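Q: Straight from Swiss-Prot, here's the annotation block:
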BINDING   ASP492, ASP498  Mg(2+) binding site
DOMAIN    628-695  domain 'S1 motif'
REGION    705-750  region 'Disordered'
COMPBIAS  717-750  compositional bias 'Basic and acidic residues'
Amino acid sequence: MENLFGAKRLTATVGGKEIIMETGRLANQADGAVWIQCGGTVVLCTVCTQPLEREISFFPLVVDYTEKMYAAGRIPGSFFRREIGRPSERETLVSRLIDRPLRPLFPKGFTNEVQILANVISADQENDSDVLALCGSSAAVMLSSVPFEAPVAGARVCRIDGEFVLNPTITEAAKADLNLVVAANRDALVMVEGEADFVPEEVIAQALEWAHREVQPIIDMQEKLRELAGKAKIEFVAPEEDTELKEKAEALATADLAAALQVREKMARKEAKKAVKEKVKAALLQDPAFAETPERLAALGDILSSLEKRIVRQRILKEGLRIDGRDTKTVRPIIIEAGALPRAHGSAIFSRGETKSLVVTTLGSTTDEQRMDSLTGDVTKRFMLHYNFPPYSVGEVKPVRVSRREIGHGALAERALRPVLPSPDSFPFTLRVVSETMESNGSSSMAAVCGGSLSLMDAGVPVKAPVAGIAMGLIKEDDQFIVLTDILGDEDALGDMDFKIAGTAEGVTAVQMDIKIDGLPAEVMGRALAQAREARLHILNEMAKVLPEPRQALSKYAPQLSVVEVNPEIIRVIIGPGGKNIKAITSATGASIDIEDSGRISIFAPTKESMDMAREMVMYYDQRPELGKNYTAKVRKIMEIGAIVEILPNCEALIHISQLDTSRVEKTEDVVQLGQDVEVKVIEINDGRVRASRKAVMLEAQGVEWDPADTARPPRKPRDRDDRGDRGGRGDRGDRGGRNGRGGDRRDRR
């Protein structure tokens, strides 16, 4: 491609495909902009920053990934035909995929606003755009003036036919039994997200090590691009620590805070920590050094948080004891109630320590499938898992809305359960699982997995196997590390890793890992996976005590299902002109009917009675005429030789004029009229052609039993030309004369 704008371009081969990174062609007024391309898929990633005019205690990073419909040659389906409104679920998930590995790499204390936008501007529908957006966003930040520790490379690693493949096409990835998205820096992995079909833990560990080696060329590209076109970084100096405040606060708080951190109940511990802070603050305000400058105490919260982190970590490393008194491998007590809700199709309460979820399953028809507008066209989704995290679950007051975190946790639980679902052919219901977090003290997404599995089984969904999930943590200091099983919320915040693993007794179905430290040795990864398997098997055993297998029958409140097979040729008849027939069936019965081109019809109804009625009405259109059976037929056509009548939908028969009445009929219309209903008997079926008799029905009414021989079509008598006799001469008719009997000689008429 000709370089018209003086752009800087780099290429590299990664996973057998050429990756292009370019800057200087588009969005030159952004602080950093990168065009990243693989095949026909292009993502434009931009970074902008500006200082805030007010002081805040957090890093205001915003990441938005957007799929432009023009990228795939499509027009948005919205009313305004624009990409407006809230982002799609995929856009939200990819935005999180970019945010999670990048956010920890900005310097602590940096509070400038930073906005990262990743726009898909071309999509070939073969090369996925999510990992390109991650790589391009990292490269754009590297080029910008925003301080950033190191580049991050993203890639998809799949196992296809037993072999690892890096960044496969969308078609290839659909065949994989392991599909992971990884993000890594030069030294280690920093994020993992993916799903699997019962893959052993050892295979996942191998895939992650292999992926880290394979993504190094992408890191090289970003560093080279930075050398070619990078801007000078903002000179950021972290705020100076108030050492006097720190020393005095720690001296006042250490003993009381250590005691508060041994309170096992979450809310009581929260109150105890709050009391410690208030006590320390009151004591410091009595100190002349702070009494005159109370604004110095603004940093007290951060100082106590750092002290809390140090106390908790040291206790775990030295004593092997955690905040709630457990050792490093023990899973919190589990309590399960199946069938908790009387009217739900399936429900379960899953409680693990102070984390509790109410999970509900609802069955629907195929018309309830989620339909989405995407770059690949209109797609449908038959299984949905929605995770809700209301503010009361943590005793807080907040606006109620669906957050990105809730969407992400729901997607993780959905991936965990999807591999065990029955196929649409064997179980054509649409499935919606909702996890309502009732209480939360860590691992609520894994409670959604466990409760979701139980809820599906309670609903009678024939899952292949139960699924359980566990969240693993890590405490690492120098060369010493400890892996934690079933982490609390505080341990998640104070630890170095959040590694969620879900699966069956056979293998893993979903993983999600976020790492807060620079490197994760293979030994740590292996131990985390092994401990997670032990915990998962323990949880599955507890679940089996309550509900060892799916219910044998669906709830009486669930939709009733009947599947019938009909001749594909009569589908149009069942539907009717403009959908007239199918609408009449659904209106009369309240059923939902899904018709496939193969002739397979799924009938969903609220009750068995309405299902039976709908089935009967559908099968009415698939009837076949039976010899000797009487039918009420409608006259469709009057002919000289008889009448054409409709005896069944899409089936017509001929009533010969001789079969219209017991007496001789001169004209068909003397007996029947167009549109008239008449009682007839089928007297002949031959090669798809049907003959009927009104006469036979009339004779039966007179007590004369119908004899097929009486109404069968008489065989035609052979016509022998010799039987016609001699035509004889013309007799007294005279000569025919000339041409055409007009007399005279031909020449005479000239």
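Start at 1 and count along the chain as shown; that gives each residue its number.
Cβ atoms are placed via backbone N, Cα and C, with glycine included.
Help me picture these features in the structure, burial and contacts included.
A: Under the DSSP three-state reduction, ASP492 (Mg(2+) binding site) is assigned to helix. Other C-beta atoms found within 10 angstroms of the C-beta of ASP492 (Mg(2+) binding site) number 17, with every protein chain shown included.
On the 0 to 100 pLDDT scale, the model's mean across the domain 'S1 motif' (628-695) is 90.
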Q: Could you tell me how many residues in the domain 'S1 motif' (628-695) are helical, how many are strand and how many are coil under DSSP?
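A: Counting residues by DSSP class gives 8 helix, 38 strand, 22 coil.
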Q: Count the Cβ atoms, other than its own, that fall within 10 Å of the Cβ of ASP498 (Mg(2+) binding site), considering every protein chain shown.
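A: The answer is 20 other Cβ atoms.
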